Amino acid sequence: MKSLPILLLLCVAVCSAYPLDGAARGEDTSMNLVQKYLENYYDLKKDVKQFVRRKDSGPVVKKIREMQKFLGLEVTGKLDSDTLEVMRKPRCGVPDVGHFRTFPGIPKWRKTHLTYRIVNYTPDLPKDAVDSAVEKALKVWEEVTPLTFSRLYEGEADIMISFAVREHGDFYPFDGPGNVLAHAYAPGPGINGDAHFDDDEQWTKDTTGTNLFLVAAHEIGHSLGLFHSANTEALMYPLYHSLTDLTRFRLSQDDINGIQSLYGPPPDSPETPLVPTEPVPPEPGTPANCDPALSFDAVSTLRGEILIFKDRHFWRKSLRKLEPELHLISSFWPSLPSGVDAAYEVTSKDLVFIFKGNQFWAIRGNEVRAGYPRGIHTLGFPPTVRKIDAAISDKEKNKTYFFVEDKYWRFDEKRNSMEPGFPKQIAEDFPGIDSKIDAVFEEFGFFYFFTGSSQLEFDPNAKKVTHTLKSNSWLNC
């Protein structure tokens, strides 16, 4: 057991939150906060008890200056209000270092295929929302490395993910709501690589409370071997960032540099769609990303990327690149038509289905499958249905929803047949979605319905619209 403290010092990453209560704190309380902060994160020796207020040479002043420089504050060495405010913000508890860094000793996984297991669930969210947040967090890192992940439902996985309160068996007890958020361990056997989340926090899938996806993505960075970054835009920056719009999330180049220093870039794979080296240059008729009146024909995912179709073009949005790329549909799939009506991905089949008029095509990567196009009526639609407005596949339930005017049908992907009892009214089961739907797709556990230049973020579990956004927010507008 004598080696355990050293092991934990090297491997544990504890996320701590210091809530701002808005009340004035006494000087002694502030000094105690600063003392502990500098001890925990900037290696201030614990026997340094007196703060030097007038000399720039004091050890505490030096550490304050170091902290201010690292976190992007004005470097004064003084305990101004900005410095104290930052010290109280949610953050990870591992010491701060410059730029991206790995843990001491540079621990990393010696294999590229890793397993994970969700041991238990928080009552704050439906199980499928937790599953989706974790899957998306893993995908953040999978997109930019050779790493792949698969889920185990029993036994020991490389990354064990669990929710717990207070003492939970790893010598780092949680402390109730508002302080420690989560902690994760660097790569290695046993507890190493695992991520624990404080179940006294209010976990959410949106921008209220503590967003599970954002915290999980950060913690998994630690599970893969990353330390902290001084880059304020980085996911691995020590302070917790709550986004007002999750559609704008992207991995910073600093994070990419860090993880690729451990594992390298993603390999070229025959399973990955072939990409033209350059997006199409602007020309007459090319849609402008940030046109306030921009609407979309169809939206789908494809192996972790987002495809947004408009006329004869489509945007490709990937975590690997900061900006979405615009391409001609014909440059990927020469036999597909322009101006498609609907698109959706069935991840279990590794297929994307594209609809136009009374026909549909199946694509896998950059290949249109043989035997297509087929008529939409082979799916079980009545002759009165001439086209599909929008479609989305719920991967947790293995059901696909087809939207046609003010009604919708549901298709069972396992049985490969339309379910009885449909169509139903969209407004009854999707309250708040009362306009004609141009496109729809799923991300972050939400359904995003596009109508003209607007989109509605819909929570399928709560059955309500949670946000109204511009359609082109996915294009960084």
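Cβ coordinates come from backbone N, Cα and C, glycine included.
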Cross-ref Swiss-Prot: Ca(2+) 2 site Gly190, Asn192, Asp194; candidate in list Asp158, Asp175, Asp245 matching that site is Asp158
Here Swiss-Prot annotates motif 'Cysteine switch', and of 90-97, 226-233, 298-305 the range meant is 90-97
From candidates Asp206, Asp350, Asp389, Asp394, Swiss-Prot puts in the same Ca(2+) 4 site as Asp297, Asp438 the residue Asp389
Excluding its own, the Cβ atoms lying within 10 Å of the Cβ of Asp158 (Ca(2+) 2 binding site) add up to 21
Cα nearest Gly190 (Ca(2+) 2 binding site) among binding-site residues (Asp124, Gly178, Val180) -> Val180
Of Asp124, Asp170, Glu201, His218, the binding-site residues lying within 10 angstroms (C-alpha) of Gly178 (Ca(2+) 3 binding site) are Glu201
Taking DSSP H, G, I as helix and E, B as strand, the repeat 'Hemopexin 3' (385-433) contains 4 helix, 21 strand, 24 coil
Of the binding-site residues Gly176, His218, Asp389, within 10 Å of Asp199 (Ca(2+) 1 binding site) (CA to CA), in sequence order, we find Gly176
Closest by Cα to His168 (Zn(2+) 1 binding site), out of the binding-site residues Glu201, His228, Asp389, is Glu201
Three-class DSSP assignment, His196 (Zn(2+) 1 binding site), comes back as strand
